[in-house]
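*Asks:* Here's a structure for you.
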Amino acid sequence: MTFQIKQEIASCGGKLMKLSHPSKKTGTEMEVNVYLPKQYFHKQDQSIPVLYYLSGLTCSPQNASEKAFWQPQADKYGFALVFPDTSPRGEGVPDDPEESWDFGISASFYVDATQEPYKKNYQMFSYIHDELPRELSQFFENKGNSKLDFVENVAITGHSMGGFGALSAFLKLYPERKYKSCSAFAPITFPSKVQWGQKAFGGYLGQEEEKWKPYDPGHLLKMTTNIGSDKILIHQGTGDPFYKNQLKPELLLEASKGTSWDGKINLNLVEGFDHSYYFVSTFVPEHAEFHAKNLGLI
Ligand SMILES: N[C@@H](CCC(=O)N[C@@H](CS)C(=O)NCC(=O)O)C(=O)O
């Protein structure tokens, strides 16, 4: 199984590669964008770390590639970027019976579904955190001047549903130190407590709330022990229409009280910012610096 190169686009000092590949996990062709920073094109002694960016509801890999402005930051510090898709797509992939944009296609919530008819294709947790990094490593092995590290020296971030996906994966895989750092832009922080999350978890994982806990950051904080000085960086705009009813970062802070994550969640409420990429791109430089430090680049 390998990748097809759909397009290679010169961007900033490096190159954006638009790729697609057949996924065993989702049973579909998956699109993914990879940004190779300028350092990739000059021989490096050290391998180049990777930052994964998970997008929000209604997105494809294109939204963040085009308007989050990560590329100059990747060049500044020397990390590569991976922008996966937000769900499986294509013929036969079940969508939301209500035809809403908050569930189904482009709304996978990055979990491994256990419920019919979703479980066949909606295996996004295993796809993103296991299959995709392995496949990318193989594809890029012995290509170009530099080695890319898709598996070990990696960090994760995301926006909205993708912010949830980043928090969830970081905490769920924390015992094995899969991701060196985690940040999020306007994330859904405690999905079990809000309508978007209840609909998604109910549909993909079933109605039993116990089955939601292993993906829910609000519960994972209690199930995972912070072993050092690890912090999570979050920005949330106060003018975001989803802030008070779906995202609710205060719930995460509350849930962290008395746990090993108490005081380790750096929540920045930023006055007036909305939910859009105008907001995301404004705070990308701060998140880039945070991850660059944790990836050992500065
Ligand atoms: N389609 C929804 C908005 C959904 C939305 O805001 N999606 C965010 C992530 S949750 C996004 O990134 N949208 C794509 C974009 O801004 O490029 C609406 O009509 O209200």
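Cβ coordinates are placed from backbone N, Cα and C, and glycine is handled just like the others.
TrEMBL annotations: computationally assigned, not manually curated.
Dumping what TrEMBL says about this protein:
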ACT_SITE  SER160  active site, charge relay system
ACT_SITE  ASP240  active site, charge relay system
ACT_SITE  HIS275  active site, charge relay system
*Asks:* How big is the Cα-to-Cα gap, in Å, between HIS275 (active site, charge relay system) and ASP240 (active site, charge relay system)?
*Replies:* 5
*Asks:* Take the C-alpha atoms of ASP240 (active site, charge relay system) and SER160 (active site, charge relay system) and report the distance between them in angstrom, rounded.
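*Replies:* Rounded to the nearest whole number, the Cα-Cα distance is 11 Å.
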*Asks:* Under 8 Å Cβ-Cβ from SER160 (active site, charge relay system), six or more apart in the same chain: what's there?
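*Replies:* Result: SER55, GLY56, LEU57, PHE185, ALA186, PRO187, ILE188, PHE242, LEU247, HIS275.
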*Asks:* According to DSSP, which kind of secondary structure is HIS275 (active site, charge relay system) found in, if we only use helix, strand and coil?
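*Replies:* Its secondary structure by DSSP: coil.
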